[in-house]
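These features come from TrEMBL:
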DOMAIN    A:109-321  domain 'CHASE'
DOMAIN    A:389-683  domain 'Histidine kinase'
DOMAIN    A:797-918  domain 'Response regulatory'
MOD_RES   A:Asp847  4-aspartylphosphate
TRANSMEM  A:37-57  transmembrane segment
TRANSMEM  A:332-353  transmembrane segment
Amino acid sequence: MVLKLQQSHHHQSVAVKGNEQMGTKRGYTFIQSNRDWLPKLILLWVMVMGFISTWIYKKMDADNNVRREEVLSSMCDQRARMLQDQFSVSVNHVHALALLVATFHYYKNPSAIDQETFAEYTARAAFERPLLSGVAYAERVVHSGREKFEKQHGWTIKAMQREPSRLRDEYAPLIFSQETISYIESLDMMSGEEDRENIVRARATGKAVLTSPFRLLGSHHLGVVLTFPVYKSKLPPKPTMEERIVATAGYLGGAIDVESLVENLLGQLAGNQAILVNVYDITNSSDPLVMYGHQNQDGDWAVVHESKLDFGDPFRKHQMICRYHQKAPTSWTALTNVFLFFVICLLVGYILYGAVIHIVKVEDDFREMQELKVRAEAADVAKSQFLATVPHEIRTPMNGMLALLLDTDLSSTQRGYAQTAQVCGKALITLINEVIDRAKIEAGKLELETVPFNIRSIFDNVLSLFSEKSRNKGVEVSRDKTNRKPSLAVFVSDKVPEMVMGDLGRFRQIITNLVGNSVKFTERGHIFVKVHLAESTQPVADTKVETCLNGGSDEGLLISSACQFKTGYEAADERNSWDSFRHLVVDEELRYDAPVNTIDEASRGITLMVSVEDTGIGIPLIVQDRVFTPFMQADSSTSRNYGGTGIGLSITKCLVELMGGHISFISRPQVGSTFSFTTVFKRCNKASYNDTKKSIVELPSGFKGLKAIVVDGKPGKQNGHVFKLPKVILLAKNITNVELEKAKAAGFADTVIMKPMRASMAAACLQQVLGIGKKRQAGKDMLNGSPVLHGLLCGKKILVVDDNMAHQRVFAGALKKFGAAVECRESGKAALKLLQLPCCFYACFMDIQMPEMDGFEATHPIRMMESKANEQMNGGMDEDSGRKGEWHVPILAMTADVIHATYDECLKCRMDGCVEAL
Amino acid sequence: MDVVNQLQRQFIDYSASLHREGFLDDQFTQLQKLQDDNSPDFVVEVASLFFEDCEKLINNMARALEQQQGVDFRQVDASVHQLKGSSSSIGAMRVKDVCVAFRSFCEAQNREGCLRCLQQVTHEYSLLKNKLQTLFRQQILAAGGSIPVVE
């Protein structure tokens, strides 16, 4: 055994390993295999998201700057354009003034302009030149003409330093000036370096030229001097430089206050506060000169826009530079957006991480569970194997003990104890056997054998076994209960072959289990086993009598040509109802002549359908789904009432499934249960069939076509039937020899069959009767009534009380039929007279509804009388009263309407029963 | 023998037709079964008892119902009950059925209904009597005897 256990352990551990491997294989997923990378992955995710966020922010910021630059450039260009326009307007005015001087000073002779005129005109036209602080005219004087000029004007030509000018080739003294700048009159413009250069350039080009910016004398504003040449004579259409220089008469100049000009201009425009504007003279590109604006002013140097300015002087270049007053403000929108984006990304990352972690956790748990499951299963297997082996070890010594228990001579007490021990031991062994079966099936160790056997004889055996048991039960329980034992019967369809190949023992076990269950749970009614081929859809059609009748049933049991079966109790499965059996009988009569054996010999397997029907307590609905679960019973109270381990049905189910069938049941509580199962057997081949055939009793073939009526039961139900049968066989359960003699003396019984009636016994008996039947003309001189009933009533005096003559007559006739001596009375009073003690009536039937004195009223004085008599002669005895020690005439009420109330009333009036009579 | 057989079949047919038409039920069959050598005229005896009883009861009821006022319905009811018992003991189904209706009218104290039922009962009763007489005659013939001149 140790070896076995070790083996099993080994086996089990192998199984566990296999399972584990399977589990791990299944457990590997992508997430599982990369679980260590998870924290790194989440970090990477955060970083990537951070980068992306920064990038987005930068992009948005750059967009902002571009927009700023665009705005700046457009503003700057606008300002530059306007400045240019204003400047050119001023230049045009100066040009006009130059033309004026040329026209009125040189073309007119004498000159139409003198200083006063010029001053007045310029002063009055000053509104047109708001930016020019003043204009002045300088005449070209060559050195040769200096003295003449000085003489003519009355002053000497002065240089810029207010001293008489040194000698030069030519001079340009101011002759006319606006009053605002009259202080520079008579100054030689040629003496200043810048002015001289300006003048030279102006007369060469004939256009307005500008000086570089400088601080104006009066206002200290930055400004430039604009110089225009004035020519003496009209120039040819395309004058050369020399021609221009020769024709030059003088120069008109004006100082432009650039600073106020720009200031003015900017003041007119919107957005003035936001930007800083600088204007430079960049003629010398390496050293730009400021014309407007402060070089060192703060401001945003990041964004700068340069606009070209063209003031009409081709030699000078100017440009305007604009920038923002303040640095670009931080873009809160962009920042917020980016921040939100980042947060969302973080959350997404967190969620993903959480999900993955969860998956990992679930998978871990799953694997753990699987491991536990495998272990639990292994434990279960181990348990099963243990159970499969250990009970063997228990059973063997147990058997030895039981065998030896009663072997020696024992005193009566000892023997009694030993017998008890043996009974207990046997019960224990039965239980152990069940456990072994169950365990064997679970461990898959049960093997089915295949032997030929006779199905009918199996049923015969099993049924007789149970009727034996139930009879014992009946003896043990109280007397009135014996009447309530169920009857037991079997049908085997004709189509079912006699011999089949299969596991006889196991099949027998199934039947035993099911029938045993039914017997256990059925108090009254019937237990009915039906066997037919699963192929035939109709309920059993061609059936022969195969009966095992167990007596003691309260109700009549009638079996005719085929089999009729009725105990008055409803069955759970209606297919087995009384009606369907009536059909069977008809069927049987119709096709009696048809060949019975229609089975195709070629078909190999035989599927048998067996149903076991009972009228027991049924199975409660709530437990119906776990009926086949091992160790499950309907409930503990049932367990107490009926005992058992609850393992039987599960074994049965396993066995049925092993044999290739199914088991199912229909059950209605308090009505009964019907268990049906199918099994598959092999068809028996001829050789083995012949071997076994000899050993069994040839059963029913001799009786085909015979009709039989079996009557069993009490009077009242079957008293009127006409029986035209040639033989009467008395069926008895526990018949005593005395009764037997009596029965034979009565001359109606050919023989007696002890119940339960088994097919084999019935067959033998029938044969016996028929064999001797020829001699006697049985039946003609027989009374047509129930033999049992006849035996019961023969010679007994019975009183019938009824006012209805017809009724009385009929009833009396019925009783007389059974040999009773019947007295009739028409009223309760008359009956009372007859029933005075000591009376000699076996029983009294009394109509309830009678004039004068009805049944209840009549019963009362009788019972009074009897009880008085009983008190007086305690222990007295009378043959006819039927009861020891007391007077008691059984009084049975007769009534047409037996409703419950009436029955109760009968009992209240101390009647003994109630007969539904018409 | 052929004649007897024929007669027997006729008898069986007739008795079956009586069953079919509802005049008689199983109870009558039971009665027939009770008849044996010990009491060969059992059925006839019972039937004649029944007929006597019936006539008596019908007369009783008719008398009770004739009274213009103060009909004693309890008395009528008792008679009907008895009639019902008798008819069911002989298996006269149709008479019994009418009795059931009759009783309900009695309980309702409905004189019109009672009278109608009384008429029906009388009718059914005479019908049954005729039928049964025919039957008995056939029965005797079938048994191989001759028709008694009586009745």
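All positions are counted from 1 along the displayed chain.
Cβ atoms are placed via backbone N, Cα and C, with glycine included.
Fair warning: this is a prediction, and the values are worked out from it, not measured in the lab.
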Across all the protein chains here, work out how many other Cβ atoms are within 10 Å of the Cβ of A:Asp847 (4-aspartylphosphate).
26
Positions whose Cβ lies under 8 angstroms from the transmembrane segment (A:332-353), at least six residues beyond its ends:
38, 42, 45-46, 49-50, 52-54, 56-57, 60-61, 64
Within-chain partners of the transmembrane segment (A:37-57) [C-beta distance under 8 Å, separation at least 6 from its ends]:
334-335, 337-339, 341-342, 345-346, 349, 352-353, 356-357, 360
Across the whole of the domain 'Response regulatory' (A:797-918), what does the mean pLDDT come to? Round it, please.
72
